[in-house]
Each structure stands twice: as C-alpha cells, then as structure tokens.
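One structure is given here, and the rest of the page talks about it.
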Amino acid sequence: MPVRKQDTQRALHLLEEYRSKLSQTEDRQLRSSIERVINIFQSNLFQALIDIQEFYEVTLLDNPKCIDRSKQSEPIQPVNTWEISSLPSTTVTSETLPSSLSPSVEKYRYQDEDTPPQEHISPQITNEVIGPELVHVSEKNLSEIENVHGFVSHSHISPIKPTEAVPPSSPTVPVIPVLPVPAENTVILPTIPQANPPPVLVNTDSLETSTYVNGTDADYEYEEITLERGNSGLGFSIAGGTDNPHIGDDSSIFITKIIAGGAAAQDGRLRVNDCILRVNEVDVRDVTHSKAVEALKEAGSIVRLYVKRRKPVSEKIMEIKLIKGPKGLGFSIAGGVGNQHIPGDNSIYVTKIIEGGAAHKDGKLQIGDKLLAVNSVCLEEVTHEEAVTALKNTSDFVYLKVAKPTSMYMNDGYAPPDITNSSSQPVDNHVSPSSYLGHTPASPARYSPVSKAMLGDDEITREPRKVVLHRGSTGLGFNIVGGEDGEGIFISFILAGGPADLSGELRKGDRIISVNSVDLRTASHEQAAAALKNAGQAVTIVAQYRPEEYSRFEAKIHDLREQMMNSSISSGSGSLRTSQKRSLYVRALFDYDKTKDSGLPSQGLNFKFGDILHVINASDDEWWQARQVTPDGESDEVGVIPSKRRVEKKERARLKTVKFNSKTRGDKGQSFNDKRKKNLFSRKFPFYKNKDQSEQETSDADQHITSNASDSESSYRGQEEYVLSYEPVNQQEVNYTRPVIILGPMKDRINDDLISEFPDKFGSCVPHTTRPKRDYEVDGRDYHFVTSREQMEKDIQEHKFIEAGQYNNHLYGTSVQSVREVAEKGKHCILDVSGNAIKRLQIAQLYPISIFIKPKSMENIMEMNKRLTEEQARKTFERAMKLEQEFTEHFTAIVQGDTLEDIYNQVKQIIEEQSGPYIWVPAKEKL
C-alpha cells in the first residue's frame, strides 16, 4: 500500500485524540509512550523521510510520470523547481540524531504544513536555530528504501560540507532521472506541490565520518546524569581535548577515573571511558582540555552532565569439544593475571588459530574468543602460565568453555584475522616448525571483532615502520633497555593506558631505529633516553619488531642481574652500570606489593609501612636492591624495590588531577604542606588555637582534595605534593623505655587496657598546671603545680613541653622531663597527646612508639563503638583521615582490624617488637 502524507497526518490526529482521553493516573505510562510516538511523527527527519517515500512511490514508480532521459538536461517546470538561494539551511550533526530517535536528542516538528518548524531545543546537544534541513544520507540505492523504519536504522546523518551544497546562484536543479539513479554526487528530490515541505538534499555517494574514533552513533548510548558537588568535588578525573587527544586523534573529553566515595561514585551512573558532550549548558565537544576543566569548575553545585558511551559488547557462552591431532589443539593464547593482553582485563584470549590444527578443523573457536574453562579447570583470574599448564595437561578430548562476542559491528580498531602460522608458542604439546603460509583471507563467518592489539606475532610486520605518539603528562608510556656495545635500543615495557599502549602500534620487543630522525641504531642507553626526552610533544618513532634479538638481550640482562645480586650478597660490590654502590637503611612509608608492579626488572621484594629495609645497592635511579630487616636480623632474600625517585614520580603522576571544587577561600597560594610546617614548627604556643584557626585547618583538607587520575590528565594543584617514600634511619641503642603514643579512633580504650593489663609495664606521667592546688590534691602525684605562669610560658617557648593548652585561663601541659622520669623507671609512658608531640619527643631524644589506628570505614568505627551515631562515626572517620595525612611520616606503625580485640593484639605485638634496646631512629642524611 503506497504511503501518503495524508495517511501519516491522520494517524497523528488519531493518536492525539486517543492521548487526550488518557486522563487517569494508571494511564500515565501509556500516555508517555504515545507522546514519544507523536514526537517521532512530528520530527522534521520523519517528515523528510515520508517525502522521500512518497516521491519514490508516486513519481518514480509511476510510469506515466517517467521523464525521458533525453530531456535530463532541460529545466523542469516551476512546480518541480526550487530557488535554492531562498532556502534557509542548518546542519544536523551525527550527535544530534542517534538512530533510536530517543527523546534525549533534539526534536524538530512542524506546527503546520506551510510554516517552517519552530525551535524545540533540548539543552543536551545544541542551541542551534532549527530551520529547513540539508542532510546527508549514507549511500543507498533508492530501490532499497521500502519502509521508513528500515531506512532510518541504516542511515547516518552527518553535517553537510559547504563545498558540496548547490551554489545559491543556481536558478534550477536538474530533472531526476528514471531509476536506477545514475552516479551523480548529489541529487535533489522534489515532492508533490500540495505538501510544500522544505527540500531535502540527499547525498547518495558520500558519507561524513564520525568525529569519534571506532564506531558510529548506532554503537553508542546517551545519558543525562545530574551530580551534586560534594566536599571533594565531583569525584572523577578527565582526559582529552583538542590539544591533547586521549585516544588516537579523538578529541573528546573522557572520564578516566571514578573516585571511591565521591559524588560520581555515590550516584553510580557515570563510568570510566564515558564521553562528556555537555556540562550544564556548555558544549564541551571539540574544545581544549582547559576549556572542559573550566566548564566543570564553573558549573556550580548542581552539575548536569550529558554523556555518551559505547554500548556494551554482549557475549555468548558456548562449549566447544576438540580432539587433539598431531598438531595439538592448534591455537595460541595471551593474557592472564600479571600479563594482561587487554589493559585492565585478566582474561585468557585466543590470539591465533593454526591452520590444520584441531581448532581450525572444528571451525568454532575464533580469534578474540575468551577462554573461561578447559575441562573442569577454571581459566578466569589465572596467570598465563597456569592457563598454558591447564591446556597442556589435557587428554585427547578437550572441552573448552568460551565467551564469544556477539556484537555485529566492526570498527576502526578491529580487523578480521589473517590465517597464518604461528611463530609464537602455540598451546599444544607438539610445536611444529614455523613456516610462512601467506595471507589467506578468512571466510566472513570466521570474522570476529578482535582488536588489532590482539593479533599474533606474524601479523606484525618485521619491516621498519613509522609510529607517531603524542606525549602524555607522564611521558610516552614505555620503557627502554639496551644501548651497550651497539646492541640496540629495545622496548621492554608498555605502560597500560599510556600513549604507546593506546596507539596500539608499539609492542615489547620493538627495536627503536630512530626518534624524530635521530638515528639510534648505535646509540647508548643515555643517548636514546635523551633523544626520547627531548623529542617534544609529537614524537615520530621508527621501530622494527625484533623479538628474537630482544629475547637474547633479555636473557643476557637476566644473567647479569643474577651475577650482580650474587656478587652483592657475597662481596658487596658489582653493578650493571656503575662500579660504586650506595648502601643504607631506610624505613618504608608505604606498602609495596611486587605482584602489582608490572615494571619490575627482576625478582621484587614485598614490604609494608614501617618495615626496615637494608638497601644494598642504590646506585640506579629507578630500582634498588634490598633485604628486609626483622627483629631477628636481616633476611637472606634479596629483591628489587622501586627507588625513592621512582616512587615519588609515580605517585605524583597518580595524584595529578583536575580539582572540580569551588574557589578556595584565602591562602590560595599557600600549599597544604606549607601550612603543615607552619602548624608544626612556627607556633610558639600550640595551645593557643582559636576557633578561626581551627576552622581554617579543618578546611585545608577540603581545599586540597585530590583524586586518582591517569597519564594524560592535568593538575590544578598550586604546588607539587609532598610524597612519602622512604625515611633514612640509623640503628641506635637506648637505655630507657620508649614512650607510647596511640592515635586514631578507640585510642582511649586501648590505652586503658594496656595500663590495666600490664600495670608493671605501662604508666602515665604527671602533667603541669598553673591552676591552684586543691585540698585533696598532692603536688607531684596529681599535678606539678607551677606558681609562676610566666615561668611556664618561658619553658614552653624553650620546648620543654611536648604539648600544652589553656583551660579556664590556666595553663596545662606535659613536660619532656615528666615523660623521661617514667621512661627511666622502666615503664612505657602512655601519652594522650596530638601528633605534634611525636616530633617534639624525637627532638628531645625520647623516641616514642607511635601507632596509628586506621579505621577501614565508618561502619568499622560503628561496629567497634556501637554508641556512636552515623554522624559521629562520619566525623571520627574524617578526623582519622586528616590525622593520617598530616602525620604519616612520624608513625612507627599503622594498624587496621575488624574488631577492637584484633587491633589491641596488633598494638601489643608492635610495642614488644619496638621496645629496644636497639631501635631504628630517623637519620640526618638525605636520600
């Protein structure tokens, strides 16, 4: 049945009549659905498609109306002629019209047949004035347009190029020829004169590509997210912009980190890799990074984000039965814990199907498939070695559980595999010699959306190739080795998420031939590093994949490292690149897990906050060799740890972020660390802390909120953040019992329990006061009563007190001498003081055992103290976090536990281990 515009209008009229009758509450959902359908009927795009359909059926398919080809060049009659110059026009971007025609995009509707459309503007996308449209439609024969919905779902609307529009001076347009349509670049389709709609320019020969990498609008979903700015800002980090694209040449603004506990995390809708289109009314497409940051900073307390994200790729789980042949299972794998094939994904992936093997003959397993299990052995969250072992230890009949991507699209970042033989280690028990079989194209049925980064070794050309990288805030995102005796410079590590990783063009084992035309074939390591460092923002690298050379080089380096370690243990000498070594003892000020450090050059060494490490070789800028020092002596195990420089560099990169909080009050030029020093050293009377000063200190943490971020992100911190790494220490013998300072939630109960359980080991000191003695009090037992206020103030100025305060116009304080008296009696003096007292005791040569109780969460605090309300627990948790931030380097140890008993037992153990007589104290030397 032919489509008529009158039929569309009648359907619209009937829908509107039916909608008006839906007045009951229970009809609300149905009414909303009908309104969406009405909006589609009234949209300008829908009207244009009806015009095309009607013209196609009424004019082109009607033989009497066919026009003689010989008259194609003649002007048509006025009824089919438009004056192009008089037509207003606008562009419709691909972002404004996703294929779903959802209400989140702009709606264009006619008020009646003869008037231009009115503006119906959604703030999500654009503020352009809407008029008659000039739109591109992707290449499609008109004969394929058999229904409107099918046409819409296969069309891509994109901005029209000015050079492709018909010049305004053209008085007429050529006649439309009879089907099939010749290959003219642009044709203009008139409609019947009764409707008189605006013209639609249909480009049948070209398609404007999307401004976004890897995918068209059909691959994305859109969402509006409203966030309320909290004390820590919006709680996410961004990267990208026209001046520093985050992924390839895509200038979009991407979400790179969601901060735990922040506004975005609490809302739960925003995701990493979401692309921000608008912030409130500000369009942040195709803007610089700083413009996007400014838009977020100036957005106010309620922030509306309009984002788009790639639709998730669904997976189909299936079981495949393979029968081993002479070539084994006949496929290769990559991935696993500690050896991720795709950044952020520990899964095991199929990277190669070997021709003639069991998998190839079966035909079901494809490159890009994810292996979930082999027989009854789970392959999720396992190492690469464990997966290989599981596959090799199978019988002749093997059952594979695999996850197959079911997405139908293939985009720029994906490619169908070429079936070639494997030069990498296949997963089978019979590895045949590698031989080149040529590039045999796979059948379409075997195409799968597998990333180019997932292809095997022999898909990588062995010829020199040119790669262009754009430097991120922390560099190019790869490590190099080599440069000795002209052996070449090789890439040894690709940083996940860095520029090199995101480009997908470099890999471990590449030899760097040149950097920005600087020949590095015979360069030393230092020369190569300098060339890369000074290469500027855009770096052109010529690289050649040489895995065999790199493997030989890596084996040699490993042998040298082993020799270095052995000689270091036996004689204390020997180094890879330096003959002189530094040896020192340090206290770790952070936890280190070697399994999470992918850049380790050799066997790593785990440690926790407060551990003492004997660094036996600190000659290298990036890595040190060390042994752990225990109460029983030094461990025999020698391992590699990150150097102070490396720790601080990585932590500063992690802390780089955009602060989306509002403008700070006062002292904007003064860093948090400056204030810490001022609070710690500059106050002559620390007890004189008025209300304003206290409020200012409380707000400091709020004004310097940071969040985790990735490489290519900006920092709006005023000054460089102080990073804790290692503290140099010396061993010292003490002839006193060390004081004990416990900080954090539940400290009072821990203190009381220690004195109650071990009254012979723990005690408290007698404080000083200028308050008059009461009748029942004894001087020296209850207080040391000071008759002269001036004298006590003088003693405070001379640092004879570790802490003092004022109450009811009387001074109270704890003197160094009072603490010393308890210590010399062989008891641990339990001190209820602030973190500032730790440093003052150290200056007085009374090194305390300072233990911080770090709560795991608000709920953890409420579980241990059930009398607290949620608000009290929240404030306690915040105070603890601020305490940790301010005094971490002065803590002897940090403890955490689920119960009070657990924490108490840890505290007792730490005090026992740290009691002496040999203790580690801060050294004066600098690292």
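Positions of Cβ are set from backbone N, Cα and C atoms, glycine also.
Worth saying up front: this structure is predicted, and the values here are computed from it rather than measured.
Per Swiss-Prot, the listed range annotated as region 'Interaction with SH3 domains' is 162-212 (candidates: 162-212, 723-773, 774-824).
Note: the Cα of SER619 (phosphoserine) and the Cα of SER598 (phosphoserine) are spaced 21 Å from each other.
In terms of DSSP secondary structure, the domain 'PDZ 3' (474-555) contains 23 helix, 28 strand, 31 coil. Neighbour counts were taken as the number of other C-beta atoms within 10 angstroms of each residue's C-beta; across the modified residues SER598, SER619, the minimum falls on SER598. Under DSSP, SER619 (phosphoserine) is assigned to coil, being neither helix nor strand in the three-state scheme.
The two recorded residues, TYR399 (phosphotyrosine) and SER598 (phosphoserine), have Cα atoms 32 Å apart.
If you take every residue in the domain 'SH3' (581-651) and average the pLDDT, you get 85.
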